[in-house]
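According to Swiss-Prot, the features are:
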BINDING   His68, Leu277, Ser281, Gly318, Gly319, Arg320, Ala321  CoA binding site
ACT_SITE  Cys174  active site
MOD_RES   Cys174  cysteine sulfinic acid (-SO2H)
SITE      Met207  site 'Determines the polyketide chain length and product specificity'
Amino acid sequence: MSSLSNSLPLMEDVQGIRKAQKADGTATVMAIGTAHPPHIFPQDTYADVYFRATNSEHKVELKKKFDHICKKTMIGKRYFNYDEEFLKKYPNITSYDEPSLNDRQDICVPGVPALGTEAAVKAIEEWGRPKSEITHLVFCTSCGVDMPSADFQCAKLLGLHANVNKYCIYMQGCYAGGTVMRYAKDLAENNRGARVLVVCAELTIMMLRAPNETHLDNAIGISLFGDGAAALIIGSDPIIGVEKPMFEIVCTKQTVIPNTEDVIHLHLRETGMMFYLSKGSPMTISNNVEACLIDVFKSVGITPPEDWNSLFWIPHPGGRAILDQVEAKLKLRPEKFRAARTVLWDYGNMVSASVGYILDEMRRKSAAKGLETYGEGLEWGVLLGFGPGITVETILLHSLPLM
């Protein structure tokens, strides 16, 4: 009988196996789907709804301040998975600090994978291949932590095969739309034939609470965040005539800006998610973003452009001030952030799902205008995620010709 060592492959055979396991090409975005809840809230009347729902109408001056905050956001409307009648069932959620985590979990644990599944179904339909061909699922959310986790529940709702490789990314915040693309690139390029379904789904009820004069940070968050989900199909070596790749994911980098963990931070408590934001966050991000951009270009041997206007842009719309200051710092023309500002106006800040919406907005408008590429007619672009840490995700994209 042969020994175990004699039956195993030689080192050169192992290298051959390794080479065969890897894809030949770069990971690409092949399909995009989005979904949002049915309840729409216009921003210009949101202060009335919010103060009424939280029994806070007697706080007249605070309401005026909140209304002013809402009107400065450059948000037109947002979507939520609740309305006023729904909130009446949960008085602890609409208080400021009553224990309410159980109620919030009861809403988010089933709601997050359900909303994510809606977006995933649209992405799979656009992709055009059977869902049985999905090999990996990456699910991302900042709410509804549970076991089995949201990736398991989404796979179950979609009816994916039992051997799909699943990953769940919890509690990363607003930069996570970039994080999931970084994960998906590694999975697609290191597993020949892999097709990665990426799902980001967010429900903001985890941080909804009554206004409080001593915690205006939370009120700012409540004026910005909206509910939504985005899904992408990512894979290498697209099948010609079947799959329609739009963007190549050329390089991904994550950077933590030193000594900034107190600038944006959130904490899960019995009262839900508590949100804290420094006034200096837009400046901190804008002062560091160019270094992140230069790093991602140099890491692949490309000289950074002298004029950042030569690129298309997918920045996370963390808020008007962040977009304004990054735009100014990089000396970008106003139209460069058009897609991001459109998504911010139409949906608010949907945390990890936002950049998926912006990719969708950009590719649709590019097609409608008859441009040469999905990236507003340009070949090269950048996707940026900003969030707690402060963490920056920088992704170098190469847009393919419109098909």
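In case you wondered, yes, glycine gets a Cβ from its N, Cα and C as well.
It is Cys174 that, of the recorded positions Cys174, Ala321, has its Cβ surrounded by the most other Cβ atoms within 10 Å. Note on Arg320 (CoA binding site): other Cβ atoms within 10 Å of its Cβ, all shown chains, come to 17. Long-range neighbours of Gly318 (CoA binding site) (same chain, six or more residues apart, CB within less than 8 Å of its CB): Cys174, Leu224, Ser281, Ile285, Asn349, Phe386, Gly387. According to DSSP, Gly318 (CoA binding site) sits in a coil region rather than a helix or strand. Here the CA atom of Met207 (site 'Determines the polyketide chain length and product specificity') lies 20 Å from the CA atom of His68 (CoA binding site). Of Leu277, Gly319, Arg320, Ala321, all annotated as binding-site residues, the residue with the shortest Cα distance to Met207 (site 'Determines the polyketide chain length and product specificity') is Leu277.
Ranking the recorded positions His68, Met207, Leu277, Ser281 by other CB atoms within 10 A of the CB puts His68 at the bottom. Sequence-distant contacts of Gly319 (CoA binding site), defined as residues of its own chain at least six apart whose C-beta falls under 8 angstroms from its C-beta, comprise Thr73, Leu224, Pro282, Leu344, Asn349.
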